[in-house]
Amino acid sequence: MRKYFGTDGIRGRANGVITPELALKVGQAAGLLFQRGEYRHRVVIGKDTRLSGYMIETALVAGFTSVGMDVLLLGPMPTPAVAMLTRSMRADLGVMISASHNPYEDNGIKLFGPDGFKLSDEVEHEIERLIDSDLQKRLSASADLGRAKRIESVHARYIEFAKRTLPRNITLDGLRVVVDCANGAAYRVAPETLWELGAEVIAIGTEPDGFNINRDVGSTAPDALVRKVRELRADIGIALDGDADRVLVVDEKGQRVDGDQLMAVVARSWKEDERLTQPGIVATIMSNLGLERYLGGLGLSLVRTAVGDRYVLEHMREHGYNLGGEQSGHIIMSDYATTGDGLVAALQLLTVVQRQKRPVSEVCHCFDPLPQVLKNVRYGAGEPLRKDSVVTAIEGARQRLGNAGRLVIRPSGTEPVIRVMAEGDDRDLVVEVVDEVVEALRKAAA
């Protein structure tokens with residue numbers, strides 16, 4: 001059982017879970033662990049636009065410099081940009097201060113190794129051990145303390161990186177694009193990238209004030225984007241989340257396109273171009289069965305993992321896949337990036353749109369998603385999933401669905417909630433089986 005790290009770094013309420021004291025210790029512990037050899041060591045630190053980012057950034061700088069690491073400060077930058085710059089700047093470690101799609105009150109600390117990948121469970125466990133040790137005995141001597149420096153050219157570096165993921169013969173000339181940056185980390189780089197590639201860009205969610213990240217904007221709240229696309233008769237809307245590692249698209253009719261549909265478009269395109277390194281893609285247990293059937297019709301498989309982009313990426317790396325993602329919009333393209341990158345994923349979709357010279361609505365809706373119902377059951381103490389009545393209800397629900405659907409029962413990794421999801425060809429049956437399982441869980445949790 002891990003004490004500090006969850007499935008996506010350390011995350012919680014700022015000045016509640018994520019305190020200056022904890023951030024200081026994380027900096028010291030990670031700094032000690034990633035010092036190898038006698039040369040000067042350095043860490044890059046990026047953040048999103050939350051008010052608490054200043055506090056956490058300052059505490060991390062104190063932690064890293066106190067154990068002799070030099071710090072390169074990037075300011076507000078997307079998570080995938082931090083991962084890319086960690087590699088590009090030959091840093092020993094990368095840090096992103098963000099709570100992704102959560103409200104401004106929360107914040108988090110994500111760590112990347114020198115290769116730009118998120119740290120393994122084993123390395124995170126070792127950092128936890130060091131956090132709880134006597135770090136005062138391992139501080140650097142006065143003459144060996146680290147320095148901190150703010151880097152000014154990082155936006156241009158990431159913009160050039162993102163542009164290079166587009167084939168050289170493809171431009172975005174003639175496209176009217178609305179991009180929603182969620183008042184988050186991509187508020188500068190995303191509109192600039194799209195404009196430099198030739199698009200007419202209308203940007204919303206680009207006025208961060210420390211409090212408005214993800215508030216009624218971004219990939220988890222796309223209504224504002226839908227309205228703007230319809231109002232301006234745009235060709236496409238692109239919604240990023242607070243740290244820009246996920247994306248949701250809106251077509252010219254205002255219809256939403258989720259991560260499953262985006263993966264379907266890219267998978268088909270890459271199969272035709274013989275770019276897939278394996279005959280399939282990697283997704284999670286939450287991806288729609290319609291995606292699996294669509295890929296099967298193309299001769300491609302869908303491998304499922306636990307929920308979380310880190311598990312998708314782990315399977316991709318272990319088994320040689322170069323495309324994977326989540327329904328929520330984390331799209332991982334390992335030819336380009338070591339983590340989900342919302343802007344790069346959107347550019348790959350736009351590549352297909354420009355090549356085919358068809359509207360986004362015709363390119364994107366590759367399959368009809370099966371009816372899917374998701375409900376959450378909150379519980380107190382105990383383990384309701386172990387109760388006989390719940391086990392019986394789950395078994396009965398799966399038997400009723402048979403081969404015409406799926407049932408997924410998943411405890412949340414961040415709160416005392418059990419998620420019940422079912423999908424199938426018959427919507428009425430899907431609703432019934434979810435309600436039966438939810439009722440059994442509520443009685444068991446009472």
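Glycine is treated like the rest: Cβ placed from N, Cα and C.
Swiss-Prot lists Asp241, Asp243, Asp245 as binding Mg(2+), and of Ser88, Ser100, Ser120, Ser389 the one it places in that same site is Ser100. Mapped onto three states, the DSSP output places Ser100 (phosphoserine) in coil. Here the C-alpha separation of Asp245 (Mg(2+) binding site) and Ser100 (phosphoserine) works out to 8 Å. Within 8 Å of the centroid of the Cβ atoms of Ser100, Asp241, Asp243, Asp245, where the record puts Mg(2+), the same chain has further Cβ atoms from Asp48, Pro78, Thr79, Ser98, His101, Gly184, Ala185, Leu240, Gly242, Ala244, Arg246, Gly340, Gly342. Long-range Cβ proximity for Asp241 (Mg(2+) binding site), meaning a same-chain Cβ under 8 A and a gap of 6 or more residues, is found for Ser100, His101, Ala182, Gly184, Asn214, Gly218, Ser219, Thr220, Val247, Gly329, Gly342.
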